[in-house]
Amino acid sequence: MDQLTLRTPDDWHLHFRDGDMLPETVPATARCFQRAIVMPNLIPPVTSTQMVNEYREQILTARPEGSTFEPLMTLYLTNNTTAEDIREAKQNGVVAAKLYPAGATTNSDAAVSALDELYPVFEVMADEGMLLLIHGEVTSADIDIFDREKAFIDTHLKRIVDSIANLKVVFEHITTKDAVEFVASAPERVAATITPQHLLLNRNDLLVGGIRPHNYCLPVLKRNTHQQALREMVATGNSKFFLGTDSAPHAKHRKESDCGCAGCYSAWSALELYAQVFEELNALDKLEGFASEHGADFYGLPRNEGSVTLVREPWQVPDEITLPNGEPIVPFFAGQTVNWQLK
Ligand code: DOR
Ligand code: ZN
């Protein structure tokens, strides 16, 4: 097969940033995705409806001429988020709230350090039909970074899912066999996003032959058996698993640093790379469900009407892209060949 037409896909997890990053990031996503769940970890984080509305306007302004791309906005949970914050956000079209354990990742210092105290807020979210999106890693210093996702499942996620009966939960950017198994056997109201990097790579791609800072993201890449579990699951077409790129730009000097930032800027190649993975898995017929149907169905939103076409024309991801502020950024898969191209 040399051509592949899909219902227009959505990206159920990404980072646009703000300010002068937006003229780069919004068109890169709008080129093929109709909607995207926009993460709220700005500086300062998007913790109120007013901030959500201002951020949404900035994103809409950065759309290419004629684009109908629709940002789906999220609220950043803190220890101080109230029931009223949730209700107000819901009334303003906010579809989900994001739970970052404090210190788990980029710009999460202001996030939740007392998770148990947030259960009343989760109850309100369930009542309001607002989804809970979770960065599922514990942060305690005594838990090894490679074990943090599993520890989060055992310490928090099982309990959240069991105790808040009607809450829809998306376990974001899962990286382990444990997470795959947890989600697959959880109630229907629990789903997961999977990134291109966690399907394509494992921790050897981060550490063998030298440190590869552009493959550093959080949750960190795991051993190949975990990568294999993710790949096997997407190849089944299970509708609880869907596309979320976690495209997360950081300027080149912030990645190539003695304390490099976590995040892979994949917007320019993500859809094409997912196609590459599904082809390797002999599961190209499952790509449309993963990219264009399961997420919308889970969020209770209509599937998109349009279509995109990918053609088998190998191309090379550029070594660098220049950000609107003149700084270089190294895109995910830089300098490597991608087999599929958006027509
Ligand atoms: O790699 C990551 N980058 N993981 C996250 O959870 C956050 C993201 C970012 O904002 O850069
Ligand atoms: Zn993210």
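Placement of Cβ uses the backbone N, Cα and C atoms for every residue, glycine included.
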Candidates A151, A235, A262, the one TrEMBL lists with H15, F16, R17, N41, H135, L218, H250 as binding substrate: A262
Of K98, K150, K158, K343, residue recorded by TrEMBL at the Zn(2+) 1 site of H13, H15, D246: K98
Zn(2+) 2 binding, same site as K98, H135 - TrEMBL member from H173, H198: H173
Inter-residue Cα distance where the pair is K98 (Zn(2+) 1 binding site) and H250 (substrate binding site), in Å: 20
Of N41, K98, H135, A262, binding-site residues neighbouring ligand 2, Cβ under 6 A: none
Close-lying binding-site residues around ligand 1 among F16, R17, N41, H173, L218, A262, where CB distance stays under 6 Å: N41, L218, A262
Site with most surrounding Cβ atoms, counting all protein chains shown within 10 Å, from the binding-site residues L218, A262: L218
